[in-house]
Each structure stands twice: as structure tokens, then as C-alpha cells.
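Before any comments, here is the structure.
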Amino acid sequence: MALSESQIPPDAQHYLVCGTEDCGKNCQFYCNDCHLPMCEQCRDEHQKNKKAKNHEVVPYKLRKRQIPVEKCQIHPTRQIEFLCEECQIPICSKCTATKEHRGHVFTDLEIVFAEKCSFCQEEIAKIRNYFEPISQDLKKEIAEDVTKIKKIMEGIRTSMKAEAESVKNLVDTVTSVKIEQVDKIEQSLLQTLNGQNQTIDDHINYLNDLVKTFYGYLSPLDIKNVTFALKSDKILIKPIPETSKPVPPVFTAGQHSKEDVAKLLGRITVPNTKPENRKIKPMETASTQLKPTGKQRKQEREKSDVKQTLSLSSSVTKVREYTVPGVGSVYHISLGKSDRLWVSDFIGNLVQTDLQGNQLQRIQTSAGFGYHTVTQDGDLIYMYTDKDNKVINRITPDNTITEFIKTGDWVPLSIHSSQINGDLLVGMRKDGGPSKVTRYNKTGIEIQNIQRDNKGQTLYSLPHYITENINGDVCVSDYNKHAVVVVNKSGKHRFSYTGQRSKFDPYGICTDVLGHILVCDRISNTVHLLDQDGQFLSLLLTPQQGVKYPNSVCVDDENSLWVGQHGTNTVTVYKYLQ
């Protein structure tokens, strides 16, 4: 079911349209008297109108909510306007004079509704700024504990298997010794039996010889033998040698059970310790951390004031240059805090320097284009991809590196940290397959995927640079499409810019405080300037100004344009707004 305007969350990613007839521009303001959303231009026209001179026009988020129009059931010609404090029911002006409400206190229903809206907004803010982030942190902590427990249990399983293998090896060793003992006993018994067998063989041979002798006496060949036989004493037959039966060994099986084996092995126990409750920050602390500081509010006001006074200069002026050590070319620039910048080349060198050109940090990453960005908190977010890993890492100002997001089968190509709400916009592609832009919130949770237009056609082919405009538009420089592809906050395709010539090779892209889109063109060696709706305004930088092979652009807080180029490690800064 579609939400009404009053039901749409104040921080929802939706596109608000000006309420003025036939306008259609982005809504930024609201007239509390007319209950009308309006764009900046229509606000100015509205305030010039004498009839609306005293109307209260506020930023859209600070608007008063319009109460529903409802007729009184008792007096159908009258609208409900008040709340009876004693009866706690809404009534019309005529009801206030009836005897049922005589002497009661009445409150303007708009005031009551405004108070309720304020309460709801505060509760929504609590949920968004405290309960939801803390819950997400707990969810992340639980996921880390899941990984930790799995690792511990896998370690226990490995130890148990190793111990079992050790016991098996010990059993094999003991068994080998016992088998060797059996072999020796067998050898001894067989040796005795073989000796007995030989003795019997010798006795049989003796008996055969004796039989032959006796046969000789029975058939004498001459008288001599007869005489010898007559003279000989009686021949005695030797007795059969005595032999003994072997006594074989007896095997007595060991007495063991499953419990005996279990005693040989280690055992797993769960400590009788009460689980420690996870720490939850008190709401006061969390709310204090999440509320914008006075300095941040001041900066926002200053930006608004600057926007009202800035305009395009009639000429572009080079104001300074920086040499970045540790890179061969400048393919992408991310401006950080404290006058520091991150610069990368195409072969994976990512270097942090100060404005004096001193190298502060150097990180070896995978090669890429617009693959790093700096958050509102000053953290560096960068991508690292190889055959096995496709991850987005975070480096905090104290140089703590953490693995922030895993993109699975998708190869991240470009990234931008929103200066509006802190979301991360990531351009990514599957090997040889489709491309998309994914939005993550500040905690790394995926909240939006942008891949096709309203006709089902793919929006991107190689989204190698990405940025966000002041109205929430997502602007992508797509090398293979030869176009700058722009969608609104909801992911609806707004326009594609394909350059001013037959060929256009877009590289680095950025936006400024006026909503301009600035994009490098490597074919013409120029920087194109577009308005918020994709209309070409001018070639901001050309070869005549010394620009050759521009790769990267970004605009700093002073509204200066930083440009990096191929083939040189020099970053050039220009002024183009006045």
C-alpha cells in the first residue's frame, strides 16, 4: 500500500516534487499557511506575492503537518477544530457552546497535532539515531561472535582428530611390538619342531640301512658272509627317539570399553560461567554522539549562504599545484580533513599527502579508477580485489584498518561517500556480466540496488567513477557506455550525457555546491561542465589551459577544482566560481 505524504519518513530516499502546478522540480521548502511544498524558485515567487507576504515558509523537514479535514458528526456543516481536554474528544466550534462541554478547556487541534507530530518525530529520531544503529551494531557483533565460535569449534575438532590420530599411532606401535613377539615365539616353536622332524628322518634312514643289512644276511653271496653272520652277536635295533608336542602360546584379549577409550582422549566441557551481557550504550551518550555539533550546524549554514552568493566566473584561474610522491599518474583524488588528500594511480599505489607534498601514508591496493573515498568522519574507504577477495576496507583517522563490506561475486569498481547522509554508493560489475550501483548505509548494510531503467534496459556497463549531486542524484561516469548516467535518489533514470562530439570517453566526475556536474573527457582532453539537469554549459578546462589526459576531478570546501592527469603526479587547483 502506498504511503501518504504524512506517512513518508523524513529521511526516506524519495523524490519530493514541487506542489506548484506544472513545475515538477525538486521540493525543498514548505508554506505552512498554504500547506504547499515548493522548490527554491517557486518559494521566491511565493514570497514576492503580496497576499503571501506574511506566510511562514520553512525548509521542508521543518514544516507543520496538515491535519485531516473532517466534519463534526453532531454539526455536519462545521469542521473539527478543537480538542476538549476534559472529554479528550475532537469537537467543532459549535460544540464548545453546548452544555456537554460547558466550562471545559479547549485546545486548538493544530497545536495538539503539532505536538504529537513533534513527539513522533522525536521517537523516529530516537529509533533512527539510537535504537536502529545500536541494534545493527549488536547484529554485527553477534555475526563476529558466530565467526569466532565457528573458528573455536573448528579448532577443537582439529585437536580431537589430532589426539585420536596420536592414540591410533600408539595402538599401531604397541600392536607391532606384540606381533613381533608372536613372530619370535612362532620361530622358536617351528625351530624345535623342525629339529624333531630331522631326528625322526635320521632314525628312519638308520632303520632302512638296518633292513638292508638283514636282507644281506638272508642271501649271502659267499661263505665268508655266512661265517660272519654266524659269529656276530645279536644285532639290537635302536629305540625310536623321543619327541614332545609343542606348547602354543595363548592370546588373552584385553579388557577395554568405550569409557576406557574415552579416558585416553581429552574431553570437551562448557565452563559453568554466566554469559556476559552485551554492552548497550545509554541513549543519552548515543544521542549526544549522533546529534550534529554546533560547528557542523554552522558549516551547513555557511554552505547555504555560499550557495546563494556563488556563480560561475567568466574565466578559470590556476591557483596552485601539488606534486604527489609515490604515484606515476593521478587517476583519482579523495579530499580528507586537515588539509590532507588521498591520491591513487592505475597500478594500485594509494598515497596520502599534506598540502606541502609530504607523503604521510602509502597503501598498496589492487589497480583501479575511482576506488576510494573519504567519509564525513574522515575515514578512508577503499576497495581491494583479487582472485579470491572482493572487499571494501575502512581506515579510521587513527590508521585502524578493518574489512568493511564483502561484495561477493560482484567486483567493486568505484565508490563515493555521500556528504548528504553518509551512505556509500558503489559501482560494481560481475566478470563479463552485468553492472549495477549499490547503496549501503553507514554501517555497511545494503539498502538499494540500481541496475535498470523503467524500460528494463541496463543502465551501466563499466561504472568506473561515481559521485552524488546536491539533490541526491547519483552520477556515474561509464567508460564503456561513453556516457555520464544520472539517476535520482530512488534509482529512476533522469538523463544520460554523451558529450559534444561523436566520441566521448568520460573519466573522473564530481559535483559542486551549485549542483554542477564536472566530468573529464579523455578523447578531447577537456573537463565538461553540465548543469544539474545534464545540459551542457561549457568546456571548463581545455588543452589551451595546459590540460592533457585529465583523469580525476573533485571540488573542495572552498569551491576550488582539483584536477589530476595521466602521465604526471602533479595535481592542479583551479578557481572557477566567484
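Think of each number as a place in line: the chain as shown, counted from 1.
Heads up, the Cβ atoms here are built off N, Cα and C, so glycines get one too.
Summarised by DSSP class, the composition of the domain 'B box-type' (13-60) is 13 helix, 11 strand, 24 coil. According to TrEMBL, the feature domain 'B box-type' maps to 13-60 (among others).
The domain 'B box-type' annotation in TrEMBL covers 67-109 (among others).
Residues or ranges marked as region 'Disordered' by TrEMBL: 272-310.
Residues annotated as compositional bias 'Basic and acidic residues' in TrEMBL: 297-306.
On the 0 to 100 pLDDT scale, the domain 'B box-type' (67-109) averages 88 in this prediction. Note: the domain 'B box-type' (67-109) comprises 7 helix, 14 strand, 22 coil (DSSP; helix = H, G, I, strand = E, B).
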